[in-house]
């Protein structure tokens, strides 16, 4: 029964998701929304003849869920964030890239060639990295914004004008940074305090939204928005009064990586695609589009000059440390799930 | 109408008797694959053990239902109390859907009555006009609604310009915005069945009531409403049921600040929780509630028919 159902689900997902994708010269990409410029996919097709089919997701967890529900064997590559690479490796969802299979692997910057979430880059290559904190409409508030109080203990002008990401991992990590407690803390008093702090803070929040994080700032629906740095840069281009903050308490750092999925139906195409993204000119095109940093060497000549100078890429002296999201064990995660449900009930 | 169908069909029934099983087969297959199988799968999943980060372990477990009804504190080691979290989420969804249904009824009934009392040539035109906005995808319509209602949107601009208000009304990210969104999403499902019922209504009954000195209100209450009740009930069910499970309007217009049933279930599959059995259990509880409502209204209907007959 179990196997029958599992294979049934997988077969169904396969026929729906990728009926055209098993032939030669295809690649099925599972990617974040609004991140990969279409011109780059066109260029890849022009160079290799491989047609790319792209599905998108709006959170690491949504991607994991869809891969668990039968997406393995359908998709070739996906683009998880740092902690999600570790989770997917633990779930056995990643394929190993043998030495020599990627001819451009040497282009990876030494800073990113041996990250804790994928030692030795066994299954992944660096894609883009950046930070997550929040941006403020300076027309609405001209006080100090370099503090997490803006989100969790906001001044009167900003109360009820705040959008937070609808993503447990990022909210919890930034909340822990705000309180100065370790992520995945198991200390009961700390967890109770975290729960109480969030309940209090929520009264000042207007909405939880990830995919419109930029849009609510630009439209003026919100004056504070928890947001990724590149998204904030795009918001600033559309509305000059939007300023991204690097709180003194610290902020969330992240690195998205391109991973080779287990049972990739087009493994060769996937490797070609990864090699393509390891060329400085190509990865720089993603950075220019999405306004993030990349993890390769030799890309500076291809980057927009203003990208390196943009305020979202240059934390002020006062900025606290950027920290990666940690992966909690099952028992601790259950408590965090409970806190999140309490927050949104 | 029913009698006509039977007498007209009796001659042909025998011809198709043997073929009937085969002719019905496609619908049975479709129904079992698209309706029955997913529901059974969900039922089975709701009694399985949760796997960390999504998925199930094939061991029988009641913990999904236990989680729904019993609260064991933040750390899961306190003595169980009744869990109000999910009950209040369900109650909120019922409340929102209920208000949306009443709004639809308040607007939909006069609209349907208006259309049904137009000339025979004009009725299809009006019905056509009602359906035009619904050619556009629900997501687009919900987003547009947000654009209209937002603080700097046309509605607030208009109200400020005519001097009715000084500062913008905060409508987006409130419960009212959700109710408005649901009402707008499902309004035609209210208008069309009521229209069909009013159109069949014999208006000489109203004249007869007036001849017998019934006031307009009494006529509406004692003559018109009983006659078109099936249409009204059908409309209410068609608006209420999808409203209850909806998560687009709560997410986009309500700011996703509070879970509705739909978003709670979505979170179990797509969010951090990754608790498939619990998502399945919540779906089964929702499904049972809808079934109870449908059965109740069907029984009421049967009673009413019996009383008439």
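Note that Cβ sites are derived from N, Cα and C of the backbone, with glycine treated the same way.
Please treat TrEMBL annotations as automatic predictions, because they have not gone through curation.
If you look up TrEMBL, you'll see B:90-297 marked as domain 'ABC transmembrane type-1'.
Panel annotation: around the transmembrane segment (B:22-48), residues 16, 56-62, 64-65, 276-277, 280-281, 283-284, 287 of the same chain, lying at least six beyond its termini, place a Cβ under 8 Å from a Cβ of the stretch. Among the features that TrEMBL reports, transmembrane segment is placed at B:22-48 (among others).
As annotated by TrEMBL, transmembrane segment applies to B:94-115 (among others). For the transmembrane segment (B:94-115), the residues of the chain that approach it from at least six positions outside its boundaries are 123, 126-127, 130, 175, 178-180, 182-183, 186-187, 189-192, 194-195, 197-198, 231-232, 235-236, 239-241, 243-244, 246, 250, 260, judged by C-beta separation under 8 angstroms.
According to TrEMBL, the transmembrane segment annotation covers B:127-149 (among others).
Non-local neighbours of the transmembrane segment (B:176-198) in the same chain are 96-97, 99-101, 103-105, 107-109, 111-113, 115-117, 127, 130-131, 134, 138, 141-142, 145-146, 149, 224, 227-232, 234-236, 238-239, 242-243, 246, 248-250, 252-254, 260; each lies 6+ residues outside the stretch with a CB under 8 Å from one of its CB atoms. Residues or ranges marked as transmembrane segment by TrEMBL: B:176-198 (among others).
Through the fold, the transmembrane segment (B:231-249) approaches residues 93-94, 96-98, 100-101, 104-105, 108-109, 112, 138-139, 142, 178, 181-182, 185-187, 189-198, 225, 260-263, 266, 286, 289-290, 293-294, 297, 300-301 of its own chain, all at least 6 residues removed from its boundaries and within a Cβ separation under 8 Å. Feature annotation from TrEMBL assigns transmembrane segment to B:231-249 (among others).
Here the transmembrane segment (B:276-296) has long-range neighbours at 39, 42-43, 45-51, 54-56, 61, 63-65, 67-68, 86, 90, 237, 240-241, 244-245, 261, 264-265, 267-269, meaning same-chain residues at least 6 beyond its ends whose C-beta is under 8 angstroms from one of its own. If you look up TrEMBL, you'll see B:276-296 (among others) marked as transmembrane segment.
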